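Encoded as structure tokens, the structure appears first; notes follow it.
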Amino acid sequence: MLDDFKIDLLVKNKPPTSTTAVVAMSGGVDSSVAAALLHKLGYKVIGITLQLYNNNKNSNTKGACCGSLDTKDAKQVASSMGFPHYTLNYEKVFREEVIEDFIDTYTQGKTPIPCIKCNQVIKFRDLLNATKSLGADVLVTGHYIRKIEQDDDIYVYSSKDTKKDQSYFLFATTVEQLRLLRFPLGNFHKEDIRKLAKYFNLQVANKPDSQNICFVTDTYKKTIAELRPHTIKKGNIIDINGNILSQHNGIVNFTIGQRKGIGISSKAPLYVIKLNPDTNEVTVGPKSALLQNKLYIREINWLAKEKIPHNGLNVKVKLRSSHSGSPATIFPNNNNTATILLQDSYCTVTPGQACVIYDHDRMLGGGWIC
């Protein structure tokens, strides 16, 4: 069975028995298999699970991750395989840098992706520092993404399992972080990972994939109302000409492109076109007013060695994780920003989301949509 799951050495020219690998264990099947596989291959595995919020509150939320039951699952996997496991409490920094950012972004009329922020400031910053302090050689995760090192250059590619590819969520990972990160599952398919979990007799073998944001116990609005109630205020819903159509109970209830749940009867479908936090107004209109072929991104993390030429670079862009990608041209601007011009399509542009840039299946970098 293990002959079908060959991976490159985690550290070049260093045998597994001399290599210490910290594995970030969420309690799910992917990170559990990554840890178990490396342990079976002879690596010195240390499992670490991060406690990021009040686990008891969300422990039984269907489809959520990182709850107290997930921590127990991770510990059980480590115990059954015979490698050490530790839980690190990062609740304070998670609240300050992920949850507060999530609320800030929503109240600004944007749509956040807290999982990317968590990867950026918790897993691939603080957990990497913990990895170094333990004297470990690498930090391993169960993400479906491929990384190739040639000489001193690093290339990142989408997973062979395109349905499970997670490169979109890792665009903000820096080159220096990537030097210590390893993704052993990137060349495999999810169904094969579940088979391996059963081969190892892991109790998480049939555990469903997490789909919800870990700290959201019900709805986004309810979470924001609990943590920052004063930010939810009534306001006007207007059309594209500024005419008042109705009232809303807070712009946090809306996202650009939304059609359902607007609460207005109309002969033609209405979509959320704009959210204005300054006036607390929600603008709605026809789909034609929603579609764009130009967008701007900020805080670009560029992984490719080649710079973006001033006359533009033809690329493929993904504007959401489920997006298959659209051909586009990227033009560099000042202050680590860029303009993206879609070549043959119009789409919904949602501020706060990520725009991730590819050359075929190679991830070049990305940025946040303005």
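From the backbone N, Cα and C atoms, a Cβ is placed for every residue, glycine too.
Computed from a predicted structure; not experimentally measured.
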Item to check | Site-mate of Ala24, Met25, Ser26, Gly27, Gly28, Val29, Asp30, Ser31, Gly142 for ATP in Swiss-Prot, selected among Leu2, Leu9, Leu10, Leu50 | outcome: Leu50
Next on the checklist: What does the structure give for the C-alpha distance between Asp30 (ATP binding site) and Cys118 (active site, nucleophile)? Integer Å is fine.
Outcome noted: 18
Checklist outcome for this item: Cα of His143 (site 'Interaction with tRNA') to Cα of Cys214 (disulfide bond), in Å and rounded, measures 17
Checklist entry - Within 10 Å of the Cβ of His143 (site 'Interaction with tRNA'), how many other Cβ atoms can be counted across all chains shown? => result 27
Checklist entry - In sequence order, which residues at least six apart in the same chain have a CB under 8 Å from the CB of Ala24 (ATP binding site)? => result Ser31, Ile48, Thr49, Leu50, Lys123, Leu127, Leu139, Val140, Thr141, Gly142
